[in-house]
Amino acid sequence: MILVNYLVGVVVFALGVAVILTRRNLVKIVMGLSLIESSGYLLLLSAAYRRGSTAPVLLKPPGGQSEQDLARGNVADPVLQNVCLTAIVIGVAVTAVLLVTVVRIAQHYRTLDADRVRDLRG
Amino acid sequence: MRRAVVGWVFAVATAGVLGVAVVDLPREGAALPHIARQAMTVALPDWRTTEPVSEVVYGTRTFDTFGETFLLLAAVVSVLLLARHRERRHDYFGEEEAGQEEQRYQNPGDEPVGPTERTARAADTREDDDAAANAGEASAGRPETPDAEPVGTAAPEAAQGMTVVVRVAIRWVLPVLAVAGGYLVVQGYSPGGGFPAGVVLVGVVLLVYAGFGYRRIARLVRPGPLEVLELIGALLVIVVLALGLALKGSFGANWLPLAPEQTFRSGGTMQAFSVAELIEVGTGLTIVIFSFLAIRHDWTPANPDAADSTQPGGDGEDSR
């Protein structure tokens, strides 16, 4: 029932979109972006899963299986797991930059309200 | 509320479209895609590693990881640029003076502040005994290290360290965590690699900071050495990958002799790349986190009356 994972990922993504569109607090908007990122991780890891699969380690296949079984597909997809690692690192980097921008906006405009951050203020 | 309606309609529509799209994704019964099978079959003979995920990270998708590393570096540089205004650059902490200077520039005349604000500023001054220690002043009757504080005192809010329970726990956990971080990167055949190991080591630094205060790691966590270390890590990445181009004719190709699998050196340049990645990620994230911790000036309201009002400081108090 990996479809449930996919659908939960979609719901989390939509929640993130909703947070970004409906909130005015900049920190909450960044949190919405983090929600969207998390949905991406869930989607990637779910897509990597195979029924009855083991971790993609070539050490010793579980009982009754040969290494050929592993290569033939009784293992989680290592490429997608790698893509998930990449996504996590990029998510951390993007969140850090966004948060520091929010801190500076707050110090400059003295508000976290996105609607009040319109006028140019040198 | 137009914003809420539009936002939720859009979000639900997105969910609908994605939900329809997602139904056709490969399920748990699907065969492994070709590229995954290729990674599985290539890991052992070509790289002498039993860890296909690491092989994909540092072998098959080398160029992608290379780009990712420098994306992280770019993020660190942006955070540094944004987080520092015009402070003197000798420390992450102790930037308060620069902030006060800016504050004085913004509201000249130095109007009298309210009682709430006075309390807050006094607490800030008490907390900032790192700056006092740097200036060579006595630090207001506080012991040199949190360990020297007598057990059972009512810890003030400004206390540098946590309680003795937390400190002892941290002492026990730290070596385990540090060894685990090192293990992740040293054992090429274990799941892990430079990225997770770097993050684990950042966790070690943060635990020391949380438990024992900044002074315990102040010698280690300074912009000077850390930034140099990070750039050394980035340079190592470039050197390791470019040597593949020079010696083997393709960027990121393995140019080290392959050791037997499940040893320290199995994986060839994968391991070297992983170690460089550890340096880069560990120092980069430390720099980012401590830059965040150092942003603390300039939060006082511009309007001194706002500090006197009963409302806690928050959005929209400013009259401008």
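Cβ from N, Cα, C; glycine included.
Those TrEMBL annotations? Automatic predictions, nothing curated.
The compositional bias 'Low complexity' annotation in TrEMBL covers B:132-141. As annotated by TrEMBL, domain 'Na+/H+ antiporter MnhB subunit-related protein' applies to B:165-286. Positions annotated as region 'Disordered' by TrEMBL: B:94-153. According to TrEMBL, the transmembrane segment annotation covers B:65-83, B:169-189, B:195-214, B:226-247, B:272-295.
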Stretch-level contact, the transmembrane segment (B:169-189) and the transmembrane segment (B:195-214), CB cutoff 8 A, at least 3 pairs: yes
Segment-level pLDDT (mean, integer) for the domain 'Na+/H+ antiporter MnhB subunit-related protein' (B:165-286): 88
Distal contacts, the transmembrane segment (B:272-295) - CB-CB under 8 A, six or more residues away: 54, 58, 62, 65, 69, 72-73, 75-76, 79-80, 83-84, 92-93, 95, 185, 188, 193-195, 197-199, 201-202, 205-206, 221, 223, 226-227, 229-230, 232-234, 236-237, 240-241, 252, 256
The domain 'Na+/H+ antiporter MnhB subunit-related protein' (B:165-286): DSSP-derived helix, strand, coil residue counts: 89 helix, 0 strand, 33 coil
